[in-house]
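Listed in Swiss-Prot:
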TRANSMEM  1-16  transmembrane segment
TRANSMEM  58-78  transmembrane segment
TRANSMEM  90-110  transmembrane segment
TRANSMEM  117-137  transmembrane segment
Amino acid sequence: GILLLVLFLMSLVLFAPDLLGDPDNYTPANPLNTPPHIKPEWYFLFAYAILRSIPNKLGGVLALVSSILILILMPLLHTSKQRSMMFRPFSQCLFWILVADLLTLTWIGGQPVEYPFIIIGQLASVLYFFIILVLMPITSTIENNLLKW
């Protein structure tokens, strides 16, 4: 049984390699346009949405790189004296807003580049950077003052 299966698969691969091929493999390439069926993996869709939200190519690439490198700055931006978020309700709320924003960016990254998705992606991208760079340190400082640390 195994030999028949191997014989069938080898004859398929060696004698008719294009039989199961994708027809998109034979269309001429356009280096200025990404085909609509090409999408990154689901865990990079948020960064892909940030890349597409900026019309300038260099700006989009810089935003893409900074959206991933900004995660390196997280320990420096965490200015709270208390490690846990149990007694920090503002930080809890901000965390869930960031999670919702990342889910929105992930959803937008999988959508086509059309009118409502472009605007939603731009707003979600601005909110992503605004939460991490501005709101997180301000919220931590306010909560430090409220807890008298």
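A Cβ is built for glycine as well, from the same backbone N, Cα and C atoms used for every other residue.
With a cut-off of 8 Å between Cβ atoms, the residues of this chain six or more beyond the transmembrane segment (117-137) that come close are 46, 49-50, 52-54, 63, 66-67, 70, 73-74, 77-79, 91, 94, 97-98, 101-102, 104-105, 108-109, 111. Long-range Cβ contacts of the transmembrane segment (90-110) within its own chain (Cβ-Cβ under 8 Å, at least 6 residues beyond either end) map to 39-40, 42, 44-50, 52, 80, 117, 120-121, 124-125, 127-128, 131-132, 135-136, 139-140, 142-143.
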